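A.B. asks: This is the feature table in TrEMBL:
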TRANSMEM  6-24  transmembrane segment
DOMAIN    404-692  domain 'GPI ethanolamine phosphate transferase 1 C-terminal'
TRANSMEM  411-430  transmembrane segment
TRANSMEM  436-453  transmembrane segment
TRANSMEM  460-478  transmembrane segment
TRANSMEM  484-509  transmembrane segment
TRANSMEM  521-542  transmembrane segment
TRANSMEM  548-566  transmembrane segment
TRANSMEM  629-649  transmembrane segment
TRANSMEM  655-674  transmembrane segment
TRANSMEM  681-700  transmembrane segment
TRANSMEM  712-735  transmembrane segment
Amino acid sequence: MITFFLIGLTVHVVFFLSIFDIYFTSPLVHGMTPQSTPLAPPASRLVLIVADGLRADSLFTLLPNSSSRTPFLRTVIEETGTWGVSHTRVPTESRPGHVALIAGFYEDVSAVAKGWKENPVEFDSVFNESRSTWCWGSPDILPMFAKGATGDHVYTHTYPAEEEDFASTDASRLDTWVFTQVKSFFQAAKTNSTLKATLLEDKNIFFLHLLGIDTNGHAHRPMSQEYLDNIALVDTGVAEVVSLMEDFFGHDGRTAYVFTSDHGMTNWGSHGAGHPSETLTPLVVWGAGVNRAQRVIEAQPYEDGYLKDWNLEHIRRADVNQADIAPLMASLLGLPIPVNSVGVMPLLYLNNSDQFKAESMYTNAIQVLEQFKMKMIQKKETTLPFLFTPFQSGALSDLIRSAPSLPLWKCLGYFVLVAFGIELLVVSFFHRSVLTVGLAFLSLWPLLSGLFGKAKLRSLSWLLGCLCLAVFPLMPVVGREPNLRLVACAGLLTLFTSMIHVAVCLYVPSLTHSSLQQKQGLPLLNQIISWSTLASSIFVPLLSSTRLFHRLLSIFLSLTSTYLLLSTGYEALFPPVLSWLMFVWINIEQEALLAQGDSRRQELSTIDFSANIDITKIRQLKLDDIRRSYFFVFFIITAFFGTGNIASINSFDPASIYCFLTVFNPFIMGGLMMWKVIIPFIIVMCTFETIQVHFFFLVQDYGSWLDIGTSISHYVIVMSMTIFLMLLSVVTHVLTSKRLILWNRSKMHFP
């Protein structure tokens, strides 16, 4: 048994490490020669303004009275600059968005290993290639570009991280802080001759990172008045900064301006996935070296309908990929294009000679070619030829020859069934509703296998459990429309087994959200209760009895308490329904075994999984084991996609963690999100393990069992603790969620 365990552990460790070796190794290469256009650039300095979380439609759409909430930028679009839509890539998050804008490449997954504020690998950027760069904004974005720069020419000015609070009264103050700091900076430069001389040099960049729109979008949703007012504030601030800089540099016509966003935001206040509201961001460029607005009469080559919606059919639109902005900025300033950039020069934005455009295109092409050459050299140096061997088709032939001699119709039937089952799992990754079809088919299993006539009650319970679980993949993705009534229903659903805990879990979130509604912040007591519930839910099940039923029930109740605290709507019902179906699965597997003629049946409450198992007496694999394995994989996928595309950050609504914290912290928030994702997995895995342990015991010859009575007191104590935690969680969540949502709704203004 120890040898078997060590071999299995080794295999899983190798598989786990291979994931990091393959996917968490950065594809970036180094050692390329920087490429720059030899001709004189049109601009001496560039101002990059990134309005974090700003949707394209929020900027371009006119008000009902045909006026614009951003009059300055609208004037630039219609008269002095070039505009378009910048298309981002998944994940639509702040760090990868800024890396694409400033470094010109789409950050790989290896970045998550080092977090948001530190570079996992060194990469080049337009900031690094500049003479000097001054940055103002968020402490989560600016440091990563300063650290990666060679030399000491990237200067960052950030506000405290505690200011990024989703429960703050007005997040637009973050943007006001940036504009105020910029004004103070240039005011000080007038009396500082050294600083003024540095500012008057060429190849300088000024970066303004505006986080208020994103924070207000998370807290109040993009259709709220707070979000829309913040956009108007940014427009006013941009106009003031442009006027300030033009005055400072004597209106020399050598300043280029780029206004854009790192990502958009869904209507329910999240981002991370590939919805158009997240991937379509505004791009407005004007100033030195940039084409002025060009009026068009003919139809433009865009079929998305946005031109009409934004009343911009008459102004030429020039869309780009987000990474294309980096070579554009490099060309305007005469900087070498970042060596890792994959962007393509957007010629429609350049107002220069044909020779300059041709040189820019050539430089761009050579820069991309240099990456390919260096990658090819590294591949040759690190690849061992003997590791690449042709695929042997000895394996498929042996599998066919070893197949049992079954009738042709059975072979075809099994083939169709297996193909359908596998395809259903694959399609479910793209269309959640397919899981409903799968659950509907699984609900018929007792009827098709003949178990219904022998165990009607359990078969009906299985049927109802599958059909109830099948409802969840048909519902909207979690986080879009919070509904605390459903969270309360989830608490009531488990009320039969955990009354006190459910009551507390219903009370504390309501109290929390009442405090947030009154803008008094997150109550410390509620925060302590939430974190205590989370921590205790991990170790409380370990104190329960080693009887299968007792341990399984303790795990389910403890995990559900935490899940309730992290829920905002119907997903709170998912763990109770899933747990119900898992218990039915265990029992109906017992009935299936009885139907096959095995009369040895033991209740879960009598099986002690800590007892020794003789591995030599384990039965041989049967066809039912394949079915059980498929059920396990299917339920795992259902747990993953049942309440939305949880694989995407897009499903993470910040409101779901308000019981724990409101100040932005990507590591803690990410950890809570991952724990919420893992909880349904644990429920399914514990169920499958219970089924396996149960069958292990059936092949053993146990003449007597330990006395159950000795564990009753132990069981009562642990279950009392679990019940208390459950009620505590529900009350905490409802008090936190209900009143914050009421607060948000009271401030929303829908069109």
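Each residue, glycine too, has its Cβ placed from N, Cα and C.
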A.B. asks: So, taking each listed stretch (436-453, 521-542, 548-566) in turn and counting its Cβ pairs to the transmembrane segment (655-674) that are under 8 angstroms, which one gives the highest count?
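C.D. replies: Stretch with the highest Cβ contact count: 521-542.
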A.B. asks: Ranking 436-453, 460-478, 521-542, 548-566 by the number of C-beta pairs under 8 Å to the transmembrane segment (411-430), which range is first?
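C.D. replies: Stretch with the highest Cβ contact count: 436-453.
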A.B. asks: I'm checking region-level scores; what's the whole-number mean pLDDT for the domain 'GPI ethanolamine phosphate transferase 1 C-terminal' (404-692)?
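C.D. replies: Residues in the domain 'GPI ethanolamine phosphate transferase 1 C-terminal' (404-692) carry a mean pLDDT of 76 in this prediction.
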